[in-house]
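Below is one structure; the comments refer to it alone.
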Amino acid sequence: MSPESKKLFNIIILGIAFMFMFTAFQTCGNVAQTVIRSLNSTDFHGSGYTSMAIIYGVLSASNVMTPSVVAIVGPQLSLFASGLFYSMYIAVFIQPFPWSFYTASVFIGIAAAESDRRTVFIALTVISLVGTVLFFLIRKPDSENVLGEGESSDDQDLDVNESAQNNMTKAVDAFKKSLKLCVTKEMLLLSITTAYTGLELTFFSGVYGTCIGAINKFGTEEKSLIGLSGIFIGIGEILGGSLFGLLSKNNRFGRNPVVLLGILVHFIAFYLIFLNMPGDAPIAPVEGTDSSAYIKPSKEVAIFCSFLLGLGDSCFNTQLLSILGFLYSEDSAPAFAVFKFVQSICAAVAFFYSNYLLLHWQLLVMVMFGFFGTVSFFTVEWEAAAIVARGSDYRSI
């Protein structure tokens, strides 16, 4: 297999593996609070919000060390270990206990009826494990250091030792670069935008589905609407990701119009949710809520907002990843580690306050961060475009 074919094969395997793994995990996260709330009437007492807060809190700390770990262990083993932790977290829902539930939440950061619930989460665990096993199909690049005729085995052992030392050096350097990037002007500005993506990630992946499932006026379909909401969030993500990902290659207007579209779409979604959802929906008891907002709760509006949330999220993430990859193209791992660190810690904070804040306060927090995050992104993009127009290196800003 040629090097180009091997790269394409690895990309396809990674895509399929992540599809299986995150289909299971995102589905689990979307229904976690609803499932756990229904179990709180038994001997089990826990919170899906708290679990997700632990996951993203540990993930935020782990992201700073991620480049160092990958440099030592290697990407394939790192991916496999992470997949096992994801699968372990999902498996806990088969028969949850508070200690195992929260313990699994820690480890994953480092990487209806009773029978129906068990069947669903057994299936999700198997799906996640299938994705994890697929990482073993990734093929390593051909080694450039082939033992030649005049090279002894002692020389080869020396090369191995030097390679190990180089890995340690790379690990330390990657960690230092991550810390230095945290205080640069560009990263500080982009961190506001990244913080917003963490807050809205929490909302559409965990809080919004819980709100839908808590509204009794949706009738007997309230719980099934959670799954439908997740589907339309995914449709919005796929549409936006494919559309704006392709347009970014030949977009002479830059990234700002896409980000502007994303924030406008989200503001429309937040306004409709404010009108459609009662304020106590995120923290409603297991019996649900009979409250109303400013209009009669509409299932159609709720699902439409799911689509808007996914579409807006794809606008922000495609452009953030694009600008980070362009700014730090020569050494992107530390930059993306900082990106995931900020996003994850904000997601953890958001999941924590979701246990207490009413819906309208959560929407207000996202509106404020969304506005300032958009302005800060515009600032970086304008400055970058000005330097490119002068013929300077984009990465020098």
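Each Cβ is built from the backbone N, Cα and C atoms, and glycine gets one as well.
Note that the structure is a prediction, hence the values are computed from the model and not measured.
Feature annotations, courtesy of TrEMBL:
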- 12-33: transmembrane segment (TRANSMEM)
- 53-74: transmembrane segment (TRANSMEM)
- 86-113: transmembrane segment (TRANSMEM)
- 119-138: transmembrane segment (TRANSMEM)
- 187-205: transmembrane segment (TRANSMEM)
- 225-246: transmembrane segment (TRANSMEM)
- 258-277: transmembrane segment (TRANSMEM)
- 359-380: transmembrane segment (TRANSMEM)
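Residues 193, 200, 208, 211, 215, 240, 244, 247-248, 251, 293-295, 297-298, 301-302, 304-305, 308-309, 311-316, 318-319, 359-360, 363, 366-367, 370-371, 373-374, 377-378, 381 of the same chain, all 6+ positions outside the transmembrane segment (258-277), place their C-beta atoms under 8 angstroms from a C-beta of that stretch. Proximity of distant same-chain residues to the transmembrane segment (187-205), defined by a Cβ-Cβ separation under 8 Å and at least 6 residues beyond the stretch ends, is recorded for 26, 29-30, 52, 56, 181, 233, 259, 266, 306, 309-310, 312-313, 316-317, 320, 323-324, 335, 338-339, 342-347, 349-351, 354, 362, 365-366, 369-370, 372-374, 376-377, 379-380.
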